[in-house]
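Feature annotation from Swiss-Prot assigns compositional bias 'Low complexity' to 50-67, 129-141, 309-318. If you look up Swiss-Prot, you'll see 50-195, 260-346 marked as region 'Disordered'. According to Swiss-Prot, the compositional bias 'Basic and acidic residues' annotation covers 68-90, 110-125, 157-167, 262-295, 337-346. Annotation comment: Swiss-Prot describes 432-599 as domain 'tr-type G'. Residues or ranges marked as region 'G1' by Swiss-Prot on the basis of similarity to another entry: 441-448. For 441-448, 487-491, 541-544, the entry in Swiss-Prot reads GTP binding site. What Swiss-Prot lists as region 'G2' is 466-470, and the listing cites similarity to another entry. Summarising the annotation, Swiss-Prot assigns region 'G3' to 487-490. Annotated region 'G4' per Swiss-Prot: 541-544, in sequence order, evidence recorded as similarity to another entry.
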Amino acid sequence: MSKKRLYEIAKELGKESKEVVARAKELGLDVKSHSSSVEEAVAAKIAASFKPAAAPKVEAKPAAPKVSAEKKTEKSEPAKPAVAKEEAKPAEPVAPKTEKVAAKPQSRNFKAEREARAKEQAERRKQNKGNNRDQQQNGNRQKNDGRNGGKQGQSNRDNRRFNDQAKKQQGQQKRRNERRQQEDKRSNQAAPRIDFKARAAALKAEQNAEYARSSEERFKQYQAAKEALAQANKRKEPEEIFEEAAKLAEQAQQVQAVVEVVPEKKEPAVDTRRKKQARPDKNRDDYDHEEDGPRKQQKNRSSQNQVRNQKNSNWNNNKKNKKGNNKNNRNQTPKPVTERKFHELPTEFEYTDGMTVAEIAKRIKREPAEIVKKLFMMGVMATQNQSLDGETIELLMVDYGIEAKQKVEVDNADIERFFVEDGYLNEDELVERPPVVTIMGHVDHGKTTLLDTLRNSRVATGEAGGITQHIGAYQIVENGKKITFLDTPGHAAFTSMRARGASVTDITILVVAADDGVMPQTIEAINHSKAANVPIIVAINKIDKPGANPERVIGELAEHGVMSTAWGGDSEFVEISAKFNQNIEELLETVLLVAEIQELKADPTVRAIGTVIEARLDKGKGAVATLLVQQGTLNVQDPIVVGNTFGRVRAMTNDLGRRVKVAGPSTPVSITGLNEAPMAGDHFAVYEDEKSARAAGEERAKRALMKQRQATQRVSLENLFDTLKAGELKSVNVIIKADVQGSVEALSASLQKIDVEGVKVTIVHSAVGAINESDVTLAEASNAFIVGFNVRPTPQARQQAEADDVEIRLHSIIYKVIEEMEEAMKGMLDPEFEEKVIGEAVIRETFKVSKVGTIGGFMVINGKVARDSKVRVIRDGVVIYDGELASLKHYKDDVKEVTNGREGGLMIDGYNDIKMDDVIEAYVMEEIKR
């Protein structure tokens, strides 16, 4: 069987869905909402419960015999009274509900009533057919019962089922009759419907008629007054007419003034529609006798009335009239002139550079025009939106008699201010702090051995277990005093820290082997220490060896500016043996003595500041940074800004790997809790709260990103004159590397003699040998050139120079170096060509051919070697020969070039001293486009 939803039933019956849902629940059906579906028979049952509302005039007489029949069946079947009562229950609460509804006047839905009547007739026919069918089945059952004879129990069940169906049908018919009777009562009691549209139309017609009558009366009155005035004017003289017109004008003005003063009383019913009124200033002409006259005249009058009604309309009475000569505003009293309030000038004025005239006027409560006038009298042409410098603002305040003070703006993201501010430290709270010592020197001179000896034999007393975690720095105790050693051996880390402005080292221990003497890296370490302005303690190591000569070491160091105190210098010399732990105590005592002379002090009461020694990313801990506290005390949970990152100190460990909660001045600790790993050499500072630390860290990261995007403008020979002219450079720093010591001395002396406009050349470092990575690092830190005289940079140094944007100039004639430097400083440098290295090759084998010369078998290791390129022969980093190729072959074929990874043979024009492992550098001269 098909199903129906409750809202479909409601639509068919013309009822609301909620009424149908309520009725279904009253009938005992399990429904939840209007979208619930029921069987077709149940739907018919629900529709039948609403049928009396759709059939107002149905006789209820046939219900009487069925009720009696129902009673008879109840009497004849005493075993079924409960079932009949249950079937009749749903109809009992319906009657009172329909009586309540009948009291309300409702509009009838004739379509729904017709559909309901049609369905009722169809159901009635269906029920009649069902009754006939039941009677036939009953007769068949009786025949079967007669045939079967012995099946008495089955016939009883069939009889009961038949009686139940009859009772059910009788109950339904009874309920239908009751609903029909109630609907008849409702239709008789229903009040007559009110047609609101008809009432509105009648009211409108009445208003239009009233409006037409009033308009006609006004027009007749106007015409009568006009005719009377015309008759009176005919009898009067012209002078009297003029006098009367003047009197009428005066009366009209008086009436208008009264109307303006006395507000009009609003009538209760105002018709805001456009009214057709006769114009008082023109005579109306009747053109009714003409065919087209009235229609045209009516059109013109309506257009004129539209304009007049727009002017006289009362739609927006509150809108101000823009015209000053309006009649309504003519007799109003003028507004009083507002007097300007006098504001006293402030006694003090706090200003910042770049304040505009309008801002100053607002602060001192004066008009901008007044300040512009004063500035004009002072000889300064300015507008109210123009910025003024500090001097002009101070002069302006003097003219007003106000004391001007410049506002000092504090940059919260600037960590460096904590290191330079005098008021940050409390002079009364300063205490002595341990010195920070860095050990430097040549790799093979026992520097690592000295570090191991100090670490293993001088660990802080009371600490058991030794060093369990290497964090880049450690402390030892000597004579009850602590000494902090930075585990940053070598000059590279020291220079990179100095390049970032982190001079955390107080003392440098320079380790020199007594048997080797001064080596190139020793000289570089001396230059780094002098550049950082750090005192040097020389430790002459390996004095236990047979070939040790300490006196020779002292003499060699004196040549490089490191003088012993015995010779009248300021550097302490100690002879030690790190391997046999000889004179180590004397070295530590010397360190404490130098530290005492320096008077190293710190304030442990302020918030901690310091420097990053090293940083890394740990898989389990995240960003881990080793910090050296320089001032103040660092605590766990302190909000901290480190370089361009920020965070909170989550955990803190000392050099022994043990957890600590407090770290004082000159104490190295490893911390976790940063959101990113900082750079070595960055400064750190503790802030008041996490909010300010976060703001400072984010601002520093933003500035670093902007700085990184901007191209770094380093000094070069091309922009040297502009830099000097702008006053940005007072001296030119140069690093000299040459093939022999004589060339180094000659070139240094020649460059130092150049003096242009008070600018001198400063030789930062000079040495013999190829240009290495240390030279590039030093040049990057010192913002210097590198001048190579008959030497070449190593591949690693060349890559680092390109990365750090350090300029390397290579020359073979000394006077060209001097001329180029002079022309650069005088602004006359105009290079036309630039050298470009196109490839490198290594000689694998040599072949000497009589009457031809030496042929070099080579392999290209980088770039290419071209036939028309120039070549240099480099042996051990020193240029041996510079010339051109005589021939270039690949096997037996002459070729124009040999590319990377291929082999070939070459001959150099005018040079036959080619040896194995010589480097052939191929280069071309390219024109520089300016």
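Any Cβ shown, glycine's included, is placed from N, Cα and C.
Values in this document were obtained by computation on a predicted structure and should not be read as measured data.
Within 10 Å of the C-beta of Gly441 (GTP binding site) we count 27 further C-beta atoms, all protein chains included. Scoring each of the binding-site residues (Asp444, Lys447) by how many neighbouring Cβ atoms lie within 10 Å, the top position goes to Lys447. Remark: Ile543 (GTP binding site) has Ala514, Pro550, Glu575, Ile576, Ser577, Gln582 as non-local neighbours, by Cβ distance under 8 Å and separation of at least 6 in sequence. Per-residue confidence over the region 'G2' (466-470) averages out at a pLDDT of 39.
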